[in-house]
Amino acid sequence: MRKVLAIETSCDETSVSIVSNIGDNFKIHSNIIASQIEDHAKWGGVVPELAARKHLELLPFVLEKALAESEIKIEEIDYIASTVAPGLAGCLRVGSITARSLCMLHSKPFLGIHHLEGHLSSILFSENYPKKSFLTLLVSGGHTELIKVDDRRRMQRLGKSFDDAAGEAFDKVGRLLGLSYPGGPAIEKIAKNGDPMKFNLPKCKISDKKGGFLKYDFSFSGLKTAVLRLVERINLDGKDVPIPDIAASFERVVAEVLVERTIKCAKDHRLENVVLVGGVAANNTLRKMMINEASKKSIKVHLAPLNLCTDNAAMIGAAALFRIKFKDHLSSLKLGVAGRLSIEQANTLYEENPPF
């Protein structure tokens with residue numbers, strides 16, 4: 001049994017987890033998450049400098065609690081991993097420096113993990129996760145991507161958002177409607193009392209320079225603007241803004257766009273399994289719609305556990321364990337952090353000469 005201590009500090013969650021695996025069975029011994037939502041709520045979004053300072057403040061206590069809850073001593077840990085890219089650079093440094101310091105102090109090997117690979121790996125804690133090639137819809141506050149993953153975990157991005165990520169659109173529309181931060185849960189809650197067919201909002205597409213549209217790519221800024229114009233028009237008419245109906249209509253359109261393009265991509269690439277991960281993957285409308293529409297095309301949907309959809313260190317540990325399983329190179333202790341790094345570049349984190 002290999003045991004990994006993992007650290008996640010890429011944005012506004014401070015998390016430490018102890019995970020292990022025996023073959024294809026992955027186990028969480030502890031997964032402590034300290035959220036900063038209340039600290040950033042009054043600003044309507046994450047403030048990078050504030051987030052980094054909170055990580056510095058919280059990480060020692062989160063680390064101590066994770067070890068205590070797991071009942072595993074740090075001397076019994078086999079590997080230490082942390083998120084190193086992409087994310088907020090100041091936040092990433094807190095976790096990375098802590099992890100590498102622990103490695104030097106306790107003579108442990110280090111793995112720097114790509115944050116999106118971590119989200120992909122959250123599915124390893126679900127029952128009957130796909131062992132063969134599959135398509136992942138990774139949908140969160142900072143990313144909306146379609147990623148093909150083969151049985152060796154080699155990753156290829158097939159689609160992406162050209163502007164706002166879906167989660168970012170939820171936050172912005174939530175703020176526009178006067179809802180609390182984060183916008184995703186707030187919109188989902190109030191949308192339950194609304195009519196999802198009340199308003200005909202646009203499903204925006206990205207033009208292809210060769211003609212037509214890019215089949216697997218996303219754009220949510222136009223949808224956000226359409227909601228803004230709708231609210232302005234209702235206000236000009238002197239009417240009350242039907243917030244539940246607007247929220248429900250917005251939620252429906254986002255889900256439809258994500259589901260339609262995911263299933264199209266899976267069918268075109270002859271992939272029989274779709275994996276849904278990331279913070280927005282916790283949205284019940286999206287989960288139900290994906291399962292219902294995929295079943296019509298004989299595609300099986302695998303959902304990340306609800307408690308592992310948002311940022312957490314368990315998924316980072318799972319990614320590390322999978323790397324170790326296939327004997328990928330360990331990361332250099334000289335490896336730094338990067339605010340941006342595509343998923344196709346994840347393997348560079350294990351090269352002898354670090355990319356940053």
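Each Cβ is built from the backbone N, Cα and C atoms, and glycine gets one as well.
As recorded in Swiss-Prot:
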BINDING   His115, His119, Asp311  Fe cation binding site
BINDING   Leu138, Val139, Ser140, Gly141, Gly142, Asp171, Gly184, Asn283  substrate binding site
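Structure coloured by features recorded in Swiss-Prot.
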{"residue": "His115", "record": "Fe cation binding site", "Cβ neighbours (10 Å)": "27"}
{"residue": "His119", "record": "Fe cation binding site", "Cβ neighbours (10 Å)": "31"}
{"residue": "Leu138", "record": "substrate binding site", "Cβ neighbours (10 Å)": "27"}
{"residue": "Val139", "record": "substrate binding site", "Cβ neighbours (10 Å)": "30"}
{"residue": "Gly141", "record": "substrate binding site", "Cβ neighbours (10 Å)": "25"}
{"residue": "Gly142", "record": "substrate binding site", "Cβ neighbours (10 Å)": "20"}
{"residue": "Asp171", "record": "substrate binding site", "Cβ neighbours (10 Å)": "24"}
{"residue": "Gly184", "record": "substrate binding site", "Cβ neighbours (10 Å)": "26"}
{"residue": "Asn283", "record": "substrate binding site", "Cβ neighbours (10 Å)": "26"}
{"residue": "Asp311", "record": "Fe cation binding site", "Cβ neighbours (10 Å)": "28"}
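Classification of Val139 (substrate binding site) by DSSP places it within a strand. For His119 (Fe cation binding site), the binding-site residues whose C-alpha atoms fall inside a 10 Å radius of its own C-alpha are Leu138, out of Leu138, Gly141, Gly142, Asp171, Asn283. Rounded to a whole value, the Cα-Cα separation of Asn283 (substrate binding site) and His115 (Fe cation binding site) is 20 Å. Reduced to three states, the DSSP call for Asp171 (substrate binding site) is helix. Other than the site residues His115, His119, Asp311, same-chain residues with C-beta atoms no more than 8 angstroms from the centre of those residues' C-beta atoms, the Fe cation site, are Glu8, Ser10, Thr83, Gly87, Leu116, Gly118, Ser140, Gly278, Asn312, Met315, Ile316. Maximum C-alpha to C-alpha distance over the listed substrate-binding residues Leu138, Val139, Ser140, Gly141, Gly142, Asp171, Gly184, Asn283 is 17 Å. Of all Cβ atoms in the protein chains displayed, 25 besides its own lie within 10 Å of the Cβ of Ser140 (substrate binding site). A Cα-Cα distance of 14 Å separates Gly184 (substrate binding site) from Asp311 (Fe cation binding site).
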